[in-house]
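Undergrad: Pasting the relevant annotations from Swiss-Prot:
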type    : residues           : note
REGION  : 54-241             : region 'Binding site for the cap structure m7GTP'
REGION  : 342-361            : region 'Disordered'
BINDING : 390, 392, 534      : Mn(2+) binding site
BINDING : 400, 507, 510, 530 : Zn(2+) binding site
SITE    : 467                : site 'Important for exonuclease activity'
């Protein structure tokens with residue numbers, strides 16, 4: 001019967017807002033403070049890596065560990081957290097009828113969530129089947145008399161089923177929720193916008209949400225006034241996409257928290273003292289508007305969503321706080337008990353780490369001692385060995401250059417601060433994802449010095465030679481020859497995930513959100529391009545295998561980056 005009922009989604013949301021408004025609070029300043037802490041101290045190169053891992057067809061225990069480690073880093077940097085709390089509901093503020101309804105709803109919600117998040121059943125293969133393969137598999141199973149292919153997992157928008165292949169699936173719990181502070185920080189850092197611009201844009205989105213659920217058309221109109229909103233991807237699923245995504249739902253949640261004095265459910269705060277009052281108010285609205293828990297797998301309706309979040313942790317902000325440290329699910333942490341009272345245990349909150357300050361030095365060229373040291377270092381380059389070269393940026397304004405010799409494992413990798421900031425921002429959005437602020441401390445003059453010290457008449461291998469040829473010619477190195485392997489884009493990037501998994505730690509500045517333009521104005525999120533890792537994957541693609549050996553940097557870090565000292569106020 002529940003399936004035949006109509007979910008009046010926004011009407012339910014408004015009704016719950018009105019009834020629970022007294023438990024809501026203004027959280028804007030706290031969220032902005034947490035966002036600033038994340039901007040100052042979170043490793044956004046690892047954020048970019050996690051976003052890449054979440055696009056993989058199949059993710060394993062190693063990927064999950066990286067996600068959990070980054071989630072823990074976020075937890076340590078923010079103040080808005082949910083604390084582990086065992087909620088035991090008894091007759092008192094809640095009647096026995098209330099408790100029976102809550103117990104039934106939690107049980108029904110448990111069944112729905114388990115079917116949605118873990119759709120596999122006995123005999124269903126949870127692998128990387130494309131949409132076409134799934135259809136063929138269904139026909140074959142029907143032909144031999146097995147008709148349970150309908151239980152196969154649903155493919156994503158690109159036709160590929162994405163699954164977690166992990167030993168302990170309980171470790172996935174509470175690792176995927178979005179947080180407004182994290183959404184603000186990622187939009188600012190990876191979109192390369194001022195935090196204030198992000199706040200203003202999400203405030204407008206929140207104002208729309210006060211009257212209706214924002215959709216793609218609303219977002220498109222708002223983007224005209226707030227370009228930062230172009231980073232939002234309306235095609236993103238809301239299930240198992242991690243808190244580092246740019247989905248519309250994540251942005252709407254953040255926008256709701258930017259409204260001062262509102263009664264938005266997102267700003268609800270639950271404590272052990274008001275938990276039963278909140279649940280009683282929820283049941284009152286449920287009865288008045290005939291709300292229910294649906295048996296159909298998929299996204300939760302407003303009542304289901306609120307019930308799950310409130311019962312997951314009875315101490316904190318159920319919608320917006322970091323809950324990565326929580327264990328169990330809503331039905332584990334909130335139970336109905338008609339027995340005598342018992343003491344409730346409560347874990348202590350972890351203290352947030354303080355963001356480290358940073359300072360900027362003034363740029364200077366290579367000193368004589370640096371030039372002499374560079375000459376000695378460049379002597380390690382084998383003039384006769386196969387050598388890959390790749391650059392990011394424009395030939396006349398490169399921002400990253402890498403050389404790699406597969407035979408010895410030696411590589412040269414350095415950066416350059418751009419002169420055309422406007423063009424750099426465009427290239428960052430559609431190619432390399434570098435934040436210009438991360439290039440302020442690179443060593444100036446290194447590009448010309450390294451190119452000048454390359455052995456004469458050297459042969460370099462590349463994927464696309466036009467920009468590289470122009471760069472070499474501009475530095476007077478017309479003697480250097482180029483071999484362009486001319487692979488297709490898909491061929492060249494065949495081993496992209498393997499290379500990033502193994503060597504992603506070598507480069508930490510590709511932190512931005514990068515998209516690729518598609519037909520009819522569409523766009524697709526892609527992994528940022530890194531000159532060094534591109535060289536490694538081009539070598540793997542050209543040989544047809546990825547056989548990672550040991551690699552070593554020719555240039556030490558203090559040659560690539562200038563020393564930075566903090567100024568002391570006198």
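Glycine residues also receive a Cβ, built from the backbone N, Cα and C atoms like all the rest.
Keep in mind that what you see is a predicted model, and the values were worked out from it rather than measured.
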Undergrad: Taking the center of the Cβ atoms of 390, 392, 534 at the recorded Mn(2+) site, which other residues in this chain have a Cβ no more than 8 Å from that point?
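TA: Counting only non-site residues, the set is 391, 400, 402, 432, 529, 530, 531, 532, 533, 535.
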Undergrad: How many other Cβ atoms are found within 10 Å of the Cβ atom of residue 510 (Zn(2+) binding site), counting all protein chains shown?
TA: 29
Undergrad: Which state, by DSSP, holds residue 467 (site 'Important for exonuclease activity'): helix, strand or coil?
TA: helix
Undergrad: At a 10 Å cut-off from the C-beta of residue 530 (Zn(2+) binding site), count the other C-beta atoms across all protein chains.
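TA: Looking across every protein chain shown, the total is 29.
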Undergrad: At the Cα level, what's the spacing in Å between residue 530 (Zn(2+) binding site) and residue 390 (Mn(2+) binding site), rounded?
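TA: Checking the Cα atoms of residue 530 (Zn(2+) binding site) and residue 390 (Mn(2+) binding site) gives a distance of 9 Å.
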Undergrad: Note the Cβ centroid of 400, 507, 510, 530, the recorded Zn(2+) site, then list each other residue of that chain whose Cβ lies within 8 Å of it, in sequence.
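TA: Going along the sequence, the neighbours appear as 392, 432, 434, 509, 528, 529, 531, 532, 533.
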Undergrad: Cα distance, residue 392 (Mn(2+) binding site) to residue 510 (Zn(2+) binding site), nearest Å?
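TA: The Cα atom of residue 510 (Zn(2+) binding site) is 11 Å away from the Cα atom of residue 392 (Mn(2+) binding site).
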Undergrad: Of all the recorded positions here, 390, 467, which one's CB has the most other CB atoms within 10 A?
TA: 390
